[in-house]
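Worksheet: one structure, shown below.
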Amino acid sequence: CHHVTGECSCPPGWTGHDCKHPCSSGRWGRGCANSCACDGGDGGCDPATGACSCQPGFTGQRCQ
């Protein structure tokens, strides 16, 4: 927690007042500030690392 405001500093992939909510679909990182950069298959990405989760039939770093 921030020593003045008391606001929680959530780890990457988590958000909310108490850091109990994962990033919404398509978002990742600290504060869920980043957008997933995944192309084909719309499998989304890991909320902490941004690594793409490819749907069947798609492969590659960005599921391209």
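Here the Cβ of each residue, glycine as well, is placed from N, Cα and C on the backbone.
It should be emphasised that the depicted structure is a prediction, and the values quoted were computed from it without experimental measurement.
TrEMBL has this to say about the protein:
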type	residues	note
DISULFID	Cys10-Cys19	disulfide bond
DISULFID	Cys54-Cys63	disulfide bond
DOMAIN	1-20	domain 'EGF-like'
DOMAIN	36-64	domain 'Laminin EGF-like'
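Within the domain 'Laminin EGF-like' (36-64), the DSSP-based counts of helix, strand and coil residues read 3 helix, 2 strand, 24 coil. The local packing around Cys19 (disulfide bond), expressed as other Cβ atoms within 10 Å of its Cβ over all shown chains, amounts to 14. Assigned with DSSP, the residues of the domain 'EGF-like' (1-20) fall into helix, strand and coil as follows: 0 helix, 2 strand, 18 coil.
Averaged across the domain 'Laminin EGF-like' (36-64), pLDDT for the predicted model comes to 84. The number of other CB atoms found within 10 A of the CB of Cys63 (disulfide bond), across every protein chain shown, is 21.
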